[in-house]
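Just below is one structure, and these are the notes that go with it.
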Amino acid sequence: MENDKRIYKWDNVKLFLIFLVIFGHILDREASPSRLMETINFWIYSFHMPAFIFVSGLFSKHAIKQRKYLRLLSFVWLYLLAKLLITLANFAFANKMNFDLLNETGVPWYLLSLASFYLITIFLQRVQPKIMLPIIIVIGCASGYLPVEGFLSLGRTLGFFPFFYCGYLMDIQKLQTFLDHRKVKWAAIGVILSSFLFVNSQWSLATKFWGFLTGWASYAEISPAFEYSSFIQLFFYVAAALVSLSWFALLPKRKLPLSALGKDTLYPYLLHMPLIILLESGLQLDTLFKEWFTFRILALFFLALFILAITNMPVVKRGADYLFNPIAYVLPKQWLKVK
């Protein structure tokens with residue numbers, strides 16, 4: 001997304017979304033979350049990964065059209081690296097050891113799914129989108145009936161692929177024009193407020209559908225209404241799309257003091273969980289913030305900002321670059337593009 005004039009709108013969007021990823025994972029690990037924490041976490045999960053994946057698709061056009069397989073291989077490498085870092089962090093700081101190369105339901109799933117998204121979309125380029133998009137949505141809604149779950153992240157790949165494909169198809173200029181309309185911004189405020197109030201007021205109902213937000217398991221395990229699960233999934237697709245577009249409309253277009261933190265979100269995604277595990281163990285976060293009560297969620301909010309800032313430090317990014325780039329020096333360039 002580098003031009004002569006950078007589009008800060010999407011840096012701000014990516015900053016907001018990667019912050020929600022980190023904040024959501026911190027809330028996930030709370031031993032005794034308050035009702036407010038649980039409500040916020042459910043609401044975050046209802047849209048943040050669909051939005052994140054949509055934006056990934058939005059900026060994938062060049063790599064997919066050029067068939068840059070290096071990008072795909074880099075995501076596979078990052079998946080392996082993320083699994084290794086999290087496994088080592090759990091072993092060193094939490095006395096846990098669980099490494100399964102082919103099954104993933106934790107943080108690294110997105111990296112493996114992203115490689116699959118790119119590969120699938122490369123081979124779908126010549127298919128008419130008006131034919132392919134409905135098929136992809138149907139497959140996504142039906143994917144939960146398959147008992148694949150965490151194997152190669154297939155369940156999440158199929159379930160979230162409609163968002164990536166929609167992002168890939170979307171014309172960014174037309175999207176920006178749509179988001180700039182004043183009526184859209186007023187509608188966006190209503191969508192965001194009503195979605196949060198609905199989750200808060202219907203909490204006992206909402207919790208029954210938590211599995212639909214994460215896509216970590218089959219409908220047989222997570223659905224309270226198995227035979228209607230595909231329609232429930234479609235409802236969540238629509239809800240996630242509306243809330244995501246609403247945030248896109250409301251987030252500012254101008255450069256903000258923290259906009260630079262949204263330029264590169266891959267390193268924060270890769271590194272945030274090992275840092276959370278380290279801080280959780282070293283600082284005893286649950287005990288440290290236990291007496292804060294109302295202000296506890298604010299402490300966790302600023303902790304997420306701290307982790308985001310640390311993972312964006314130049315020295316950290318330079319170190320991560322050495323881990324990210326080896327494939328480019330090992331594989332011949334002609335292997336990375338198929339004509």
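From the backbone N, Cα and C atoms, a Cβ is placed for every residue, glycine too.
Copied over from TrEMBL, here are the features:
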type     : residues : note
DOMAIN   : 8-308    : domain 'Acyltransferase 3'
TRANSMEM : 12-28    : transmembrane segment
TRANSMEM : 40-60    : transmembrane segment
TRANSMEM : 72-94    : transmembrane segment
TRANSMEM : 106-124  : transmembrane segment
TRANSMEM : 131-148  : transmembrane segment
TRANSMEM : 154-172  : transmembrane segment
TRANSMEM : 184-203  : transmembrane segment
TRANSMEM : 231-250  : transmembrane segment
TRANSMEM : 266-285  : transmembrane segment
TRANSMEM : 297-316  : transmembrane segment
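Between the transmembrane segment (106-124) and the transmembrane segment (40-60), three or more CB pairs separated by 6 or more residues in sequence fall under 8 Å, so the two stretches touch. Across 12-28, 40-60, 131-148, the stretch most heavily in contact with the transmembrane segment (184-203), judged by Cβ pairs under 8 Å, is 40-60. On the 0 to 100 pLDDT scale, the model's mean across the domain 'Acyltransferase 3' (8-308) is 90.
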